[in-house]
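Take a look at the structure below.
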């Protein structure tokens, strides 16, 4: 594997010296690159007929180069993407094919496909009150002051809103979901279950009966990470494409949310499709990341129009691990959060992965209650939030998520 990886870097250096290197993005960052695997973005507005012609050309070029090499060392196109006007594809290509892709007039840019990972550290209201809620985050987001464990929320509780969980899958049989969780797509393996636990935990925080914020919303699993909490960025792109298509076909746009408690190293493509998803009518809550640094190129935290969430701990301090900076929209509880785990269990874990679901859940509640559009929802949440976060970090908001309960 090391030899293959070094060879791919040599190929990149050779290509960059003799082609339009401006189309090659992110190759200088060697972290988590999958050898000979690429994400290819096509130029904005490419007509469907030209897209189909291009894909046939790619197939022909790959087949010809495999024949010249005396056999298949790469597999060609794996996924195609059409996401609210953004078109592209991913696959495994040799150096000769990559050279032809770079020089093709329809190609906008090419990024290496990478293994990305979850963003956790461990394994006039009709109000209702959940007394002594089992997760401190629920009490915190429903009170201006931080001294209550009761969760106070509007009785609509996200009813009529569909949430897409881009994660490790969901244990849909867990009693916390009351039958409101279902499977949508699996783009990483052939095991339709949550072998890690992260996706069940985040989904429980969003919609769970006991541990959740929006207790009447529905949630759909789009599995992009395996039992190790890892998967290629192309799997994430394919899942987002599926979610946008599903929302559009089922009239969920305008009343849909998506949670991305993950961090990738392919910012251009992932950011582009996340922005397209918001424009299509889906609210996106995303984790800021856990490196205790300013959000810059982390994706999807740096994408336009998403709602990027930092994490706090008890006492309204920024969690020591949480990223910060001007791209953070607001903070939410993210340290030592208790929620459902697979096989009927519960788990307590930390990360901005745990903060984003609180925002996704409150977002679903506000969408159902006020009819705020997904494109304007993050601004509404910032308007409701209160300035409680201590030491939020340089050039960072001190706004803490609040559901507007009046408490």
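One-based numbering along the chain as shown.
Here the Cβ of each residue, glycine as well, is placed from N, Cα and C on the backbone.
Of the given residue ranges 368-387, 388-407, Swiss-Prot assigns the label region 'Disordered' to 388-407. Using a 10 angstroms CA-CA radius around residue 259 (N-linked glycosylation site), the recorded positions that qualify from 167, 198, 251, 353 are 167, 353. The least crowded of the recorded positions 259, 353, 395, 403, judged by other CB atoms within 10 A of its own CB, is 395. For residue 167 (active site, charge relay system), other Cβ atoms within 10 Å of its Cβ number 30.
Cα-Cα distance from residue 403 (N-linked glycosylation site) to residue 353 (active site, charge relay system): 19 Å (rounded to the nearest whole number).
In the shown protein chains, 10 other C-beta atoms lie within 10 A of the C-beta of residue 251 (N-linked glycosylation site). When the recorded positions 198, 251, 395 are screened for a Cα within 10 A of the Cα of residue 353 (active site, charge relay system), the ones that qualify are 198.
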